[in-house]
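What Swiss-Prot records for this protein:
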| type | residues | note |
| --- | --- | --- |
| ACT_SITE | Lys78 | active site, charge relay system |
| ACT_SITE | Ser153 | active site, charge relay system |
| ACT_SITE | Ser177 | active site, acyl-ester intermediate |
Amino acid sequence: MAQIYAQTLTETAAALAQGTLTAEEAVRACIDRIEATEPAVHALLATRCEEALAEARAMDAAGYDPAKPLWGVPVTVKDVLSTSGVATTCGSRILENYVPFFDAAAVSRLKDAGAVILAKTNMDEFAMGSSTEKSAFKTTHNPWDLQRVPGGSSGGSAASVAAGQCFASLGTDTGGSVRQPASFCGCVGLKPTYGRVSRYGLVAYGSSLDQIGPVTRSVEDAARVLAVIAGHDARDTTCSDRPVDDYLAALGSRSDLAGLRIGVPAEYWGEGLSGEVDSCCREALKKAEELGATLVDISLPNSRHAIAVYYIVAMAEASSNLARFDGVRFGHRSDNAASLPELYINSRSEGFGDEVQRRIMLGTYVLSSGYYDAYYRKAAQVRRLILQDFEKAFEQCDVICGPASPVTAWKHGAMSGDPLTMYLLDIFTISLNLAGLPGLSLPVGTGTESGMPVGLQILGKAFDEATLLSVAHVLEQRIGRTPVAQI
């Protein structure tokens, strides 16, 4: 029998429902695993282990509640999501001592469903990064190889799930920040459609791009978490009131992929794609064909502009969103200021890291008088063309598949002196955020050169997460799940 910490969320929830496992035992198993692995992995920031144990004991005393689908299940939450009474730093010195008085909507829904919050996960500062090396507090290590990065910016979430520290984690995806670390750590990572999950209580980076999604050990786990956190919230004006599909029912809708048309974009299989990623993803597509799917060649011609468009839009929105952190009402306040302007300048210079400062300055530049039309307005126009490419492609196919990342996890420090190259590695994920569509990263093997996990990205139509999950579930059953990393 597998160790408790190595089970899936689905297996754990079933054991809790059957009474063969108590909430305290589930929480204790994860705490023990945290104590065993966290000194090496560094996935977590604030922890609440004693509080979680107390909550679990109270739940056991009250008895199992069938109305709560995640009753007693220990989870972690990315440190960009507000948690009442628990520090929410966004991985930044400027918010080092900030403790919110409210929960983000997604966190509230986890709690209402019976989940037990164990910890906040490490992240690139304000979600600006692809390696979780840009946190102000620690560098997170990939559980499959501690010399390598876990991806980012939700690297702490992916590492905590891969290491068995929890059964699921909430991350955020602005340009691939759930899907890429999930790929690097051998997890399932789901970015829902923009507006499917409330962003209330999420500290914004790119308001038109950000979306909250789960990192889990199986597709069914992702479906269970999404079913809990999805749905309308009047506090977020961008949150859709469209009815939420029955994601668990969708998993049982297919036994194979007969009749499914999979679009394969030429632009996702060209220069820059590593041989080991190419091999794993093509083998996964071959298995999809064996299951009855038809591969359709498609084109997403404007994806070649996606990097430029994304970084113009994201940095402009970051410049605006992060203007609120000035040392006046909350966050870091400089002790070296003789005037109010100096307070603003010094507080932000001391509180923000280099990468955040770089993006704020670039964002301010593209929004400035004389450059707005040349950069931001043009980027917005091309963004629309990117969405139109997807709409046209989906006339020929039901889902689109390609690599989640052109490479596997790189070694720590390999990209630190070359931020541009790191930006370019987002090429396969950012178009989806610009279009606001859903995507899922599914583990499909291990690279022959690096020995690291590889993820296949499955992209879908707006609000059609049910199809993504059903397709991924069938593929997962054929390929097999990636187990917990042994550290």
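Each position is counted from 1, following the chain as shown.
From the backbone N, Cα and C atoms, a Cβ is placed for every residue, glycine too.
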Cα distance (Å, whole number) from Ser153 (active site, charge relay system) to Ser177 (active site, acyl-ester intermediate)
5
Counting Cβ atoms within 10 Å of each Cβ, the densest environment among the active-site residues Ser153, Ser177 belongs to Ser177
Distance, Ser153 (active site, charge relay system) to Lys78 (active site, charge relay system) (CA atoms, angstrom):
9
According to DSSP, which of helix, strand or coil covers Lys78 (active site, charge relay system)?
strand
